[in-house]
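Okay, so here's the structure we're looking at.
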Amino acid sequence: MAYNSIIVRLEMNHERINFGNVASAVSKAGGDITSIDVIRSGQLNSVRDITIHVADQKDTEVIDALKQLPGIVVVNVSDQTFLAHLGGKIEVTPKMPIKNRDDLSKVYTPGVARVSNAIHENREKAYSLTIKRNTVAVVTDGTAVLGLGDIGPEAAAPVMEGKAMLFKQLAGVDAFPICLNTKDTEEIIRTIKNISPIFGGINLEDISSPRCFEIETRLAQELDIPVFHDDQHGTAIVVVAGLLNALKVVGKRIEHVRVVVNGIGAAGVSICKMLLAAGVTRLVPVDREGAIVRGGGYDHHPMWAWLAQQPQVEDKAGTLQEVIGGADVFIGVSRGNVLSAADVEQMASDRIVFAMANPTPEIDPEEAMKIVRVFATGRSDYPNQINNVLVFPGVFRGALDCRARSINEPMKLAAARAIAAVVTAEERNEQYIIPSIFNEQVVAKVRRAVVEAAILTGVARRIPPDFR
Ligand SMILES: NC(=O)C1=CN([C@@H]2O[C@H](COP(=O)(O)OP(=O)(O)OC[C@H]3O[C@@H](n4cnc5c(N)ncnc54)[C@H](O)[C@@H]3O)[C@@H](O)[C@H]2O)C=CC1
Ligand SMILES: CC(=O)C(=O)O
Ligand SMILES: [Mg+2]
């Protein structure tokens, strides 16, 4: 279950109530007081800030319980998650101060003109003389934000800022959120191409399918910097990493398992492609209207049409409930609460369920954990967090360091194997199939694997010093 922290400012009349009554009311309503700060204390009244750890969506119950107490005034309630977003979460910081005219003439005019001319003569110098070599655009149109859907570019911004923070903290990559006010494929492609000169890479984020496929393919063809749709490939890479380890835990081989993937959008298509490349022989892709079957006609969706031609895709039609029976693996990248315990119980023994819709998984984790052998979500509050945050920082660190032209399939497979290998055979178990995002080996190993594969496949334009 997810928890949140709220800070409640209370004015208490000491003649009518004591703090013990407050603590017991909070606890009865489902909260847990974790700290108390006295703001003002007098003989009759005091004002205190109490921090309460409270289960998701239970905060109103706790506040209502406090409001009903005699001698209490709830002065203010602040939610720590909202506080963390106040004013946005990132800023631009200069690398040196401008203290005098001499500094000014170096970083700005007239000195800067010589640097600009040098880049004009040799465009490649943008990599050594500007932020290009370490800067990635995180671009969205706000149409498939987490599992929240088409909530618009402004509402997508907190997620993009969060991605930018993770890029910087985990891999030292400077990432900038760009939220576009258009859903038009051609306009998105044109805009990204037009802003690309300052960036060393483009991370596409939360752009809904099927537009995301064309946008990525065209940009990858038309730009000479890496373009990576995180929801497609970041997710597929981390799923394959988790699955390789989960299969070892349950003692099944990838070529023998039957895999149901629910939600064949951006993430689902790429997961299916990568599972086939990794050796899956029995695949059941399922979307809203049921299974996508071998030989079916899907003229409206080129990626579904491609899937329907793959020999490993089953030809049995049906709803999720009709096709899940006997499956060894369920991978959900669709939306919250679409899978019941009864559905999961139809699966094979030693089943593996990755319920990755964010923020609400396909099945309630508390229910699922009782009936599956290996369970994972995209969330940080349960064991086995399968989230593309394990991928994009290291992939871009590697791609920027070797100045890769693109991020190709061998680089992606190498990244998946590198993530899986962070968990050793001794450490691996049902609760630990995937490393934590705070495990420092993750970015280092993914970077190394990505650079090696880029060099081997000829897309690296620079050999980083530690590879010479
Ligand atoms: N844990 C992680 O790292 C990641 C999780 N996700 C999650 O996966 C979900 C999908 O993300 P995207 O692929 O980017 O979105 P998308 O919008 O491209 O695709 C969603 C697909 O799910 C299908 N769908 C919706 N309801 C369904 C249902 N009841 N049954 C079967 N299919 C259904 C839609 O028709 C669509 O094809 C979101 O909840 C997102 O948060 C996505 C990327 C990474
Ligand atoms: C994690 C992520 O990128 C998503 O849920 O869309
Ligand atoms: Mg995303």
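Including glycine, each Cβ sits where the backbone N, Cα and C put it.
A TrEMBL annotation is a machine prediction, not a hand-curated record.
Listed features, source TrEMBL:
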type     : residues               : note
DOMAIN   : 7-80                   : domain 'ACT'
ACT_SITE : Tyr108                 : active site, proton donor
ACT_SITE : Lys163                 : active site, proton acceptor
BINDING  : Glu205, Asp206, Asp231 : divalent metal cation binding site
BINDING  : Asn358, Asn387         : (S)-malate binding site
Got a sec? Which of these binding-site residues, Asn358, Asn387, has the most Cβ atoms within 10 Å? Asn387
If you count CB neighbours within 10 Å, which one among the binding-site residues Glu205, Asp206, Asp231 has the smallest count? Asp231
In chain order, residues whose C-beta lies under 8 angstroms from the C-beta of Lys163 (active site, proton acceptor), counting only those at least six residues away in the same chain, are Val138, Ala175, Pro177, Asn203, Glu205, Asp230, Phe392
Over the domain 'ACT' (7-80) the mean pLDDT stands at 92
Secondary structure tally of the domain 'ACT' (7-80) (DSSP, helix then strand then coil): 20 helix, 37 strand, 17 coil
Using all protein chains in view, find how many other C-beta atoms are within 10 Å of the C-beta of Tyr108 (active site, proton donor). 11
Reduced DSSP state (H/G/I helix, E/B strand, rest coil) at Asn387 ((S)-malate binding site) is coil
What whole-number Å value do you get for the CA-CA distance of Asp206 (divalent metal cation binding site) and Tyr108 (active site, proton donor)? 37
Beyond the listed site residues Glu205, Asp206, Asp231, identify every same-chain residue whose Cβ lies within 8 Å of the center of their Cβ atoms for the divalent metal cation site. Thr140, Ala144, Val145, Val159, Leu204, Ile207, His229, Asp230, Ala266
Whole-number answer please: how many Å between the C-alpha atoms of Asn387 ((S)-malate binding site) and Asp231 (divalent metal cation binding site)? 10
What whole-number Å value do you get for the CA-CA distance of Asp231 (divalent metal cation binding site) and Asn358 ((S)-malate binding site)? 12
Please report the Cα separation of Tyr108 (active site, proton donor) and Asn358 ((S)-malate binding site) in Å, rounded to an integer. 45
In sequence order, those recorded positions of Tyr108, Glu205, Asn387 whose CB lies under 6 Å from ligand 1: Asn387
